[in-house]
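So that you can see what the record holds, here are the features copied from TrEMBL:
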type     : residues : note
COMPBIAS : 1-16     : compositional bias 'Polar residues'
COMPBIAS : 17-30    : compositional bias 'Low complexity'
COMPBIAS : 41-52    : compositional bias 'Basic and acidic residues'
DOMAIN   : 71-456   : domain 'Major facilitator superfamily (MFS) profile'
REGION   : 1-53     : region 'Disordered'
TRANSMEM : 70-92    : transmembrane segment
TRANSMEM : 112-134  : transmembrane segment
TRANSMEM : 141-159  : transmembrane segment
TRANSMEM : 165-187  : transmembrane segment
TRANSMEM : 199-219  : transmembrane segment
TRANSMEM : 231-251  : transmembrane segment
TRANSMEM : 272-289  : transmembrane segment
TRANSMEM : 309-328  : transmembrane segment
TRANSMEM : 340-358  : transmembrane segment
TRANSMEM : 364-384  : transmembrane segment
TRANSMEM : 396-415  : transmembrane segment
TRANSMEM : 435-455  : transmembrane segment
Amino acid sequence: MHSKCDSQSSTSQCLPTASSQSTTASAALTKENLDTMQPDIEGKQRDGEEGAPKWWASKSMEHKPINGNYGWAVVASGCFMLMFSMGCVNSYGSYQTYYHLNQFPHEPMSSLSWIGTLQFAVMNFFGIPAGILCERLDSRLVTFTGGLIMGIALVIASFCDTEVWKLMITQGFMFAVGASLVFIPATSFPAQWFTTRRALAVGIVVSGSGIGGLWLTPATDHMISSLGTAWSLRITGIIVFAVNSIASLFMRNRLKVQSRAKIVDLSVFRDIRFLFIFGGGICGTTAYFTPLFCLPTFAIQVAGKSTDFGTNLITIINAASTVGRVATGQIAASLGNINTLSFCTFIASLSILVLWLPFHAGGTLVACAIVYGLFCGGFIGLLPVVMSELWGVQRIATIIGLLYIANFIGTMVGAPSSGAILDNIGHGTNFKPTIVFSGVFMMAAFGFFFMLRLAT
């Protein structure tokens, strides 16, 4: 009996039981995976401590198919957003003409042009913070806030239409801050949802600004003549907020940008291609608004046309621009984005220097409005597509925000300079120096984009 126990004891000491094998394997597994699991646990803890609350954080939509139906919902959303943000900017010519001829007849044109200048300039200046917010916050929240600010700005402006400086703050600056929160995601996010029809998609989005100007201009003119500027601003503000609130529900970014150490990445400024685009953006936007703001007044004061004719020129520009932004997207698919962009700026410059500068007849003014509208629309619509082609779509919002700093510089130089040239050199009636100023800068934009073509 004793030897049997010794034998069993010896066997039990030499051969581990099933229970001990399981315990050992479990311990080994736990120890083996501990090192690999620990970084994930720590990362999640950091995310929980440092990340934005879940309800307002930027969210990925990568489970949605690219080139799919939801992408077209984003396109439609962006089109409506630009219809009531850039559309209001493009239709400011109606307000400026009325302000100049009726409400503020003793104010110089350069002072009145500052309202429209601030709308576009500040919208572009806030492109960088708007892009950063779109990377970190839910894009629906960002765009809804932008629509709210735009609506409030126009309603407040309706109570401030007795002083130009008050309109600069409300209708100009405050409206532009809200518009930037709408404009940047609307022009950058559609590129994330498409590969095969990207130029067409972005072209449809930016055509919204032309569509908005197309119907907002006569609607604004009718409201001003029937109700006055105060009620025109109030009605427009309410509509802007209502439409943007609905459209913001569908404005989603497809790719979630990972957090980074630098809030603003300026490394693209070391790329010569970006510098060419930046220079072209400055020159193009310096020239861009002169026809929109000055052509109606030119038609009334110099060509002897009616106020309705002058207002209709803005409508024609916006209608042609709508067609141009979609059509150039299709053309770019065959000729290339940069080639089409260069061609558009070249023809736009010729429309100013060849059709507007030497002629006063109504027919040539209409021809100028059509040609300029068609090809300036391509200049606006193709810039986001070129950016996504050269630098991808992952950080498209912040890169486009950097580009729009160029638009800010050009706008701050362009419209006030055009007004000052008209007041001081043209003495309020000779538009030729202003027209030359606009045409030369648009031709310079063509030069920059042509050099971009050579550099790529």
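Even glycines carry a Cβ here, placed using N, Cα and C.
Where the annotation comes from TrEMBL, it is an automatic prediction and has not been curated.
Sequence-distant residue pairs (6 or more apart) of the transmembrane segment (309-328) and the transmembrane segment (70-92) include at least 3 whose Cβ atoms are under 8 Å, placing the two stretches in contact. Three or more CB pairs closer than 8 A are found between the transmembrane segment (112-134) and the transmembrane segment (396-415), so contact between the two stretches is assigned (pairs 6 or more residues apart).
Note on the domain 'Major facilitator superfamily (MFS) profile' (71-456): its mean pLDDT in the predicted model is 87.
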